[in-house]
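Step one of this worksheet: look at the structure below.
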Amino acid sequence: MRKLFQIIFYIQLILISILVIVLTIRGFVYAARSTNHFRPEKWYPPLLGSAASAGIVSYLWEWISFHDPSKAIKTAFWVGPFLTCAVGILHILIGCPISLAISTIAIISSVIQSLYTCWVNPRFDYATKILTVYTSFPPDKTATFVILSIITCLVYSSFLVTGIGGATATGTGLDILFIIVILLTYTWTMQVIKNMLYVTISRVRYMNFACGADMNTWIAFRDTVQHLVGSVCIGSAVVPVIGTIRGSARVMKSVVGGTDEFLFSCADCYSRVASTLITYGNRWGFVHVGVYNKGFMQASADTWGAFKTAELIPLIDSDLTGAFCFFSGVAVGSICTLVGGTWALAIHKSYATEVSIYAFFIGYFICRVALASQQACVSAYYVAYAENPQSLQSDATIPVRIQELLQRYNV
């Protein structure tokens, strides 16, 4: 399976590259012959400008979250909803039916984000401490890897944008299908880039947390590229889907409660299915993928089993590291949407909707790649602690938090 997914990943990269080149050439030829349809000089600059903004803002955000985690967490959770709401207002100003639908989704999302922020506000102190303690001494050359990853994502995103522009130029039904395919492969590829960095950094930090050993980051990256691409590709396809299922199951169970027996039984059944799936597909499995060269599903099952044995599941569920990265991605994506959408609205209104959508995708994924190293450090510590809570390398952060949760539940 690992070899199969690795081959599929490389083949889709080749095929998408060929498709993008063909669409780009065809788009420019069509634009040169047409006098009143697609205008590349007004379509590409807003989108490429928003992509450049994504790279700059993502790196700055990674720097801020490393040097001042408390400020970064509060900004992501409290300012993020306002940025999402601003995206909704932008789409209201654009005014077309699709934009109005997007504005409705954006405004509802901003309200949900605000309510979630109010709910998790008591956990901010622990989230800040986790990020401060376990990311304060990142592996050697981490900044270099982050910068190279951001540059790679920028180049790849800009390359795909040219193909999307070429498909937009003609705008047939087949071109719409091409755009959807490009976006799907873009999503998978960005997840793979993020998780390659995740596996590399988590392996180095795990060795330090579990054994007190310092590992060369370049060697870890070389091993990841040579031996672990297949497992990373599998995890990159599986984790977002299972994470979404489990998140929706937790929300459903919280909302339904015990008020209606039928709804409660349905929510409980869905929650059990999600709990089973998360055992075989979770982001903490990437730690064992890097350290032990396991298959992704086996690695996920082993790490989740260690969490159960150490009774860390409630702590894992209450951890805000993943939510912080998600909110940060949404915030950066919203900034890129405002940059690209406002620019397009000013020079060519009919392009504003699609430009803002593509800009959000680019901003979100580049930010997630930039924050992968910090999320990897935290995950590596959780896994190392679960396997050996009595290790001399462990500090009191997690035990103290477990006691706080136990006291809260007892009360």
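Residue numbering: from 1, along the chain as shown.
Cβ atoms are placed via backbone N, Cα and C, with glycine included.
Here the transmembrane segment (7-31) has Cβ contacts under 8 Å with residues 37-40, 159-160, 162-170, 175, 178, 181-182, 185, 188-189, 192, 229, 233 of the same chain, all six or more residues outside its ends. Taken from TrEMBL, the feature transmembrane segment applies to 7-31 (among others).
Per TrEMBL, the feature transmembrane segment maps to 43-64 (among others).
Among residues of the same chain six or more beyond the transmembrane segment (76-94), those with a C-beta under 8 A of the stretch's C-beta atoms are 100, 102-107, 109-111, 113-114, 117, 120-121, 124, 324, 327-328, 330-331, 334-335, 337-338, 341-342, 345, 349, 352-353, 356, 360. Under the heading transmembrane segment, TrEMBL lists 76-94 (among others).
For 100-121 (among others), the entry in TrEMBL reads transmembrane segment.
Positions annotated as transmembrane segment by TrEMBL: 142-164 (among others).
According to TrEMBL, the transmembrane segment annotation covers 176-197 (among others). Among residues of the same chain six or more beyond the transmembrane segment (176-197), those with a C-beta under 8 A of the stretch's C-beta atoms are 9, 12-13, 16, 19-20, 23, 145-146, 149, 152-153, 156-157, 160, 163-164, 167-168, 221, 224-225, 229, 232-233, 235-237, 239-240, 286, 361, 365-366, 368-369, 372-373, 376.
The transmembrane segment annotation in TrEMBL covers 323-345 (among others). Residues 42-43, 45-47, 49-51, 53-54, 57-58, 61, 65, 72-73, 75-77, 79-80, 83-84, 86-87, 90-91, 93-94, 113, 116, 120, 127, 131, 351-353, 355-368, 371, 374-375 of the same chain sit 6 or more residues outside the transmembrane segment (323-345) yet have a Cβ under 8 Å from a Cβ within it.
Per TrEMBL, the feature transmembrane segment maps to 351-371 (among others).
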Open item on the list: Ranking 100-121, 142-164, 351-371 by the number of C-beta pairs under 8 Å to the transmembrane segment (43-64), which range is first?
Closed with: 351-371
